[in-house]
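This report concerns only the one structure given below.
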Amino acid sequence: MEKKVDENATLMNGVETTGPARDDVPETFREFLYNKKNGTVMGRTGKSWFQIIVFYIIFYAFLAAFWLTCLTIFMKTLDPKVPRFYGKGTIIGVNPGVGYQPWLKERPDSTLIKYNLRDQKSYKAYLEQMKTYLTKYDSNATETRECGAGDSNDDLEKNPDALPCRFDLSVFDKGCSEKSDFGYKSGKPCVIISLNRLIGWRPTDYQENSVPEEVKDRYKAGSIAINCRGATNVDQEHIGKVTYMPSNGIDGRYYPYVFTKGYQQPIAMVKFDTIPRNKLVIVECRAYALNIEHDISSRLGMVYFEVMVEDKPVEEKKEL
């Protein structure tokens, strides 16, 4: 007679069985969570749970202590004032970038300076940005010192207690100061030109016979000359007269840059005296020193922005 096989049966060592092989294997999930018979919770006794919890507490405490020790050792090797790696061959590099103001945070992707001469509201944001940017030069007076012709920030590297040179904003009084609305009201807008801060960087002077033609009549040893022109032939025809303040560009006495409280970044301004009305002019401004490279593709040593001064009647908004 053929033996009927139970579909739910399993074979253990060739012997058919329909029950668990061990008495302590739970039959239901509820028994797995709490087995009253064996006194276990999720398969472990109270003693077993206590041992494994203590083990992992000690293990992770040791791991955290080891990580904190490594972090402390690493932080001790860092200088809070100077990057660990800077200069040639690093991301920071040795070629300072060129920046400009006013740059509106509300339009971070735009390099256009556009306003209407007849509408004060159209250039209010530019005036506010210029004022905000220049405020830092007044607020650090007690942490800076006046530097004469023979003084410079070289003292900061020699003496850590020395104060940085105070930048004098009076060089912009003739047409590019807050009193004259930075020239925007009169249609002669001023733009701030600055260099990025590079630790330890200072301008290298050109030899007398190697000064670029663009700045030959304004170049002064020890300074960074600035030259702005139209980006294209058409722009060069329209840009008109450009005035530089100071005429020699950015004064070299404020270099090298050292990370210290009260440091004031030197700047220059360019004023567009005869820029045409209702025409867009693309401007290219370059900084000149022997150790500043120029590359159009990567925009090294230069900055681009657009200027458009409109002279149109202000359209009054009609109330609905």
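Any Cβ shown, glycine's included, is placed from N, Cα and C.
Under the heading topological domain 'Cytoplasmic', Swiss-Prot lists 1-51.
Under 8 Å from some Cβ of the transmembrane segment (52-72) lie the Cβ atoms of residues 44, all in the same chain and six or more residues away from its ends. Marked as transmembrane segment by Swiss-Prot: 52-72.
According to Swiss-Prot, the feature topological domain 'Extracellular' maps to 73-320. On the 0 to 100 pLDDT scale, the topological domain 'Extracellular' (73-320) averages 89 in the predicted structure.
Annotation comment: Swiss-Prot describes Asn140 as N-linked glycosylation site.
DSSP assigns Cys176 (disulfide bond) to coil in the three-state reduction, placing it in neither a helix nor a strand. Swiss-Prot lists Cys176-Cys190 (among others) with the feature disulfide bond.
Secondary structure at Cys228 (disulfide bond), as computed by DSSP, is strand. Swiss-Prot lists Cys228-Cys285 (among others) with the feature disulfide bond.
Annotated pair Cys285 (disulfide bond) and Cys190 (disulfide bond), C-alpha to C-alpha distance, rounded: 13 Å. Neighbour density around each Cβ, counted as other Cβ atoms within 10 Å, peaks among the disulfide-bonded residues Cys176, Cys285 at Cys176. Taking only the Cα positions, the spacing between Cys228 (disulfide bond) and Cys190 (disulfide bond) is 12 angstrom. Take the CB of Cys190 (disulfide bond) and look out to 10 A: across all protein chains shown you find 23 other CB atoms. With a 10 A radius on its CB, Cys228 (disulfide bond) counts 22 other CB atoms from all the protein chains.
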